[in-house]
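Listed in TrEMBL:
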COMPBIAS  121-137  compositional bias 'Acidic residues'
DOMAIN    45-112  domain 'Histone-binding protein RBBP4-like N-terminal'
REGION    1-32  region 'Disordered'
REGION    112-144  region 'Disordered'
REPEAT    259-294  repeat 'WD'
REPEAT    306-340  repeat 'WD'
REPEAT    351-385  repeat 'WD'
Amino acid sequence: MAARKSRRRTCETGEPMEAESGDTSSEGPAQVYLPGRGPPLREGEELVMDEEAYVLYHRAQTGAPCLSFDIVRDHLGDNRTEFPLTLYLCAGTQAESAQSNRLMLLRMHNLHGTKAPPSEGSDEEEEEEEEDEEDEEERKPQLELAMVPHYGGINRVRVSWLGEEPVVGVWSEKGQVEVYALRRLLQVVDDSQALAVFLRDEQARVKPIFSFAGHMGEGFALDWSPRVQGRLLTGDCQKNIHLWSPTDGGSWHVDQRPFVGHTRSVEDLQWSPTEDTVFASCSADASIRIWDIRAAPGKACMLTTASAHDGDVNVISWSRREPFLLSGGDDGALKVWDLRQFKSGTPVATFKQHVAPITSVEWHPQDSGVFAASGADNQITQWDLAVERDPEAGDMEADPGLAALPQQLLFVHQGETDLKELHWHPQCPGVLLSTALSGFTIFRTISV
């Protein structure tokens, strides 16, 4: 249970001090801090991170905050667990003025793992302190950033590979969906000299390779097909969903006939990982729908759960390994839907750990029962459907507060401000990345 705990630090006269190092006889036994549920922090207390609960932990700032990002799959290999790590991301900013926005390609490298603390008072501790001073510079994480000017805030980005060509779909607050080629940006973040030339001479000339302005307003929903190269879905705040089909000339044909069914904003879209023509959508009308594009757009909705959540359904994730759909809503609930029983309108599992709207959900790419979620309560939670509580475990008796936690809850990460989106890295098992008003966080916990 250590992974669920946050320590409480008491500050006196401006100097931080661990509460347990003073006289704690009047405070009673230490308690697990339950985010959003208390016990509330007393005056002069703050939460401090338990570094032993993390295998990897880094933070990064890029200036203006990013509402959305996606991970760019690379050629460095799969199942990478050795440190330091190198990661590539594509992100879009939400700057204060439309002219100040950027589409960005980030290369994060030299990402070392957290260090295990030495035992107190040992010779090993003194030796490690000396080594730390020498290694500090060598262990500093590095960030290279290639930026492209973008007029208008970027609501969502999703990356795909078209053969050997990486591209990104971009939903703009100005009501357009654009596709940008990423090859040049990927090249320059690997070469500092080329990056300097790009930022000086080239970035202002980068334009989208395709643009669609047929939506009736802005939107957020966007998903590339994992099975049919170049096939794309986009959904807007006016309840419409459009299908993009790739053409032979490296362009797209966008069907002007929208898929009809939702009565309010389309919030998220997910292609089926097993069927070429099937996708799921969720909406502010509280519904989740399953569609088949072989039918005419006005008749393509095959299955509907009209009241999937108590309010807006913000995000969905379709498992790549099981027939499960995961959803998160304004009600703070996380729900797992078995698509073989979707007609029943009843989820197979519901979790209510978050105390504010869910902002992002995603299944683990390798472990079929594991998923992560983020919420407007500034929590990131990790879950495992396969976990069952050990009736002989003593934690529940020692702290009754633990009994209130869902048994499938593995980990609660905090410390971010205004969390927006998260993604598991598909090539680095257990590595989770998030974006928030406070910036990017890259971490791996001891639980996953």
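For all residues, glycine too, the Cβ spot is worked out from N, Cα and C.
Long-range contacts of the repeat 'WD' (306-340) within its own chain (CB-CB distance under 8 A, at least 6 residues past either end) are made by residues 226, 265, 267-273, 280-284, 286-288, 290, 347-363, 365, 368-369, 371, 373, 375, 377, 383, 385. Residue counts of the domain 'Histone-binding protein RBBP4-like N-terminal' (45-112) by helix, strand and coil are 6 helix, 36 strand, 26 coil (DSSP-based).
Listed by sequence, the residues of this chain that lie at least six past the ends of the repeat 'WD' (259-294) yet keep a Cβ under 8 A from its Cβ atoms are 219-228, 231, 233-243, 300-320, 325, 327, 329, 337, 339, 342. Under 8 Å from some Cβ of the repeat 'WD' (351-385) lie the Cβ atoms of residues 35-37, 312, 314-322, 324, 326-336, 405-406, 408-424, 426, 429, 432, 434, 436, 445, 447-448, all in the same chain and six or more residues away from its ends.
As a summary of secondary structure, the repeat 'WD' (306-340) carries 2 helix, 17 strand, 16 coil according to DSSP.
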